[in-house]
Structures are given as C-alpha cells and as structure tokens.
Amino acid sequence: MDQKQIEEIVRSVMASMGQAAPAPSEAKCATTTCTTPVTSESCALDLGSAEAKAWIGVENPHRADVLTELRRSTVARVCTGRAGPRPRTQALLRFLADHSRSKDTVLKEVPEEWVKAQGLLEVRSEISDKNLYLTRPDMGRRLCAEAVEALKAQCVANPDVQVVISDGLSTDAITVNYEEILPPLMAGLKQAGLKVGTPFFVRYGRVKIEDQIGEILGAKVVILLVGERPGLGQSESLSCYAVYSPRIATTVEADRTCISNIHQGGTPPVEAAAVIVDLAKRMLEQKASGINMTR
C-alpha cells in the first residue's frame, strides 16, 4: 500500500464521520518542533521541552551548521558533547528525566474513571496487580473467569472483527491516542460493511490474550491495540496486533500482523486506523494473517 492509497482511505473514513480529512503529512524534523538549537546549559530549562531536545552540547564546533541539521533530523541523543570523558550535566539530566518518564508509564495504571468515560466494558486477565503483571507475563495471556463470563454475556458473538484495547506496558499510549484511533477505526470497519464486535478494555493484558478472546467470541479477526514498551523519552507509542481466526492451542506469533510506532511522532493514529481497516479487509478476503498473507 502506497502513501496515496493510505490518504484515500483516511479521507474516506473521515468523510463518513462528517469530519475533514487531515492535511497530507509533510516532511518535518523528528523533534517536536524545529526549535533553533541552543548550546548553553541552563538549570531552569524544562528537560521535556522542545528546547531541551534541540540542545547541542558540542562546544566550539568546526561546522555548527552540520550539527544543527543533524540535531533536527533525529530524536536520538546526538551532539550532546562531553566534559572530559563524561557526559555534560544537561545531557545526563535529560537522560535521567527520560528514563524516569518511561519507568512511570510502565508502572502507572489506566484510571477506572477514564475507562468508564469512554463507555468501555472493562475486564482483566488473571493478573491482580502491576507487580504481578511485570513478573508473570504468562498470567497476562489468559482472562480471569469473571472476564470470560462478562464477554459471553455482554459482547456481540461471531463478529467479523473484534477490537480490543489493553494497557500493555504503556498507559500513556492508550489514553493519549485513544480518541484519535478508535472512532475512525470503528467507523471505517462499519463503512466497509463488516460486522464489528463490542470494543472493550482488558486490564493487565498481554498480546496472546487476543487468542482466547477470539476463541470465546468466535471472531474472524481480532485487533488488539496495546501500549508498547516505552523507549527513552517516548512513552506514547501504541501497537496493533491483528490475527485471523485465533486459537489458543494453534496460533503462534508468526500468525500475527503487527503495526507499531503509532503516535504523533510516528504513524499518526488516524492514518493507522485507515491502514488497520484495510488490513482487516485483506485478512478476511485471504482468510489469513501474519506470514500466511500474500501481499
């Protein structure tokens, strides 16, 4: 699928929702904004700001314009400079701040109030708390008994496509991107004439939990939107794992199709929704997913 096809799908989905399609994406620097890089250190600088991310720590560079262009082209830790054999103070502080932000988003919980505000049914895996979630990934792959009964009682049976949302390893990925990805995704699936299941939220879920969900509800395609493991300074990245006719006993990781890096600095959520709709349609046509699909 090329960029033109993606833009057509986005326009079609947004038109069906009565909204204007976003302008075509333009090449832009990888930092939040193209802030003019600065070289001086400041104790008062917000380490999460665009100015801090654009900071250049190399003193008296031979080609300052080259460093400026390099700094604007990536969010990687380049041009930070050294103080003898050690990193400069501001570079070290920003590293520690980014590490802290990533750690926080792993340990945070998605608020129950947020789930209720979205009108989502909430179920959970066999995990009861965050510590157990991080140490027992096997338990995060299975629904608890109460969740199984809730899905059977409250969800549409035998849908063409079942959409599931789970916190995963990043709560920010869910709460930040939800409103920009789920409405266009649901609208696009319905516009395609597909029978769409009841979307719901799984607390403490791992990727493989979608196999049990698909088996319980009899879904042809299961789409799991889950928070990615955060990187340094990037805690809002969402992934989509889609699988055709999942089964607990037989589905393996190669059967899944993954779309990752969904966030404003990567694949925009609205664009990702359009790609997922097209992916679901192709899965149903080919009756396959993962490495079994033909391009």
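Note: Cβ is positioned from N, Cα and C throughout, glycine not excepted.
Cross-referencing Val176, Val196, Val202, Val207 with the adenosylcob(III)alamin binding residues that Swiss-Prot gives (Glu228, Cys258) picks out Val207.
Look at the Cβ of each of the binding-site residues Val207, Cys258 and count the other Cβ atoms within 10 Å; the largest number goes with Val207. Cβ-based neighbour count (10 Å, all protein chains) for Glu228 (adenosylcob(III)alamin binding site) stands at 20.
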